[in-house]
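To keep things clear, I will list the structure first and then write my remarks on it.
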Amino acid sequence: MKKIWIGRVISALPVLILLFSASMKLTKNADYIKNMINAGVPETLVPTLLILQLLSTILYVIPKTAYIGAVLITGYMGGAIFTHLRIGEPVVLQTLLPIFAWLGLYLRDERLTKLMPIN
């Protein structure tokens, strides 16, 4: 039971970060949008990225679709990693976010623990 709660707490980290990022896109925060444009992301893509980000986050928090959500988060963050590497920025957060998503899922869902036992 303790492992499940630790998994939920770890899972909350990427969810909160993704929701914060989504809120910046939704409110069209000027600094956030400026940084995206400077990274080479056209402003016209912001609504699409917002939908992808929210969809993957929502799927991740629903137990029956958490695996699909984790895969989508991993793919989404892969794009973020590429974008930041391309302009020479660090990718620590973009790398840790999917790791925490999968670690949290591993700890809170016994199906994944049984599929990939770590001894």
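Cβ coordinates are placed from backbone N, Cα and C, and glycine is handled just like the others.
Unlike curated entries, TrEMBL annotations are predicted automatically.
Sequence-distant contacts of the transmembrane segment (45-62) (same chain, six or more residues past either end, CB-CB distance under 8 Å): 11, 14-15, 18-19, 21-22, 25-26, 28, 33, 36, 68-70, 72-73, 75-76, 101, 105. The annotation transmembrane segment is assigned in TrEMBL to 45-62 (among others).
Proximity of distant same-chain residues to the transmembrane segment (67-85), defined by a Cβ-Cβ separation under 8 Å and at least 6 residues beyond the stretch ends, is recorded for 14, 18, 39-41, 52-53, 55-61, 91, 94-95, 97-98, 101-102, 105, 112. The annotation transmembrane segment is assigned in TrEMBL to 67-85 (among others).
Sequence annotations record features per position, and here TrEMBL assigns transmembrane segment to 91-107 (among others).
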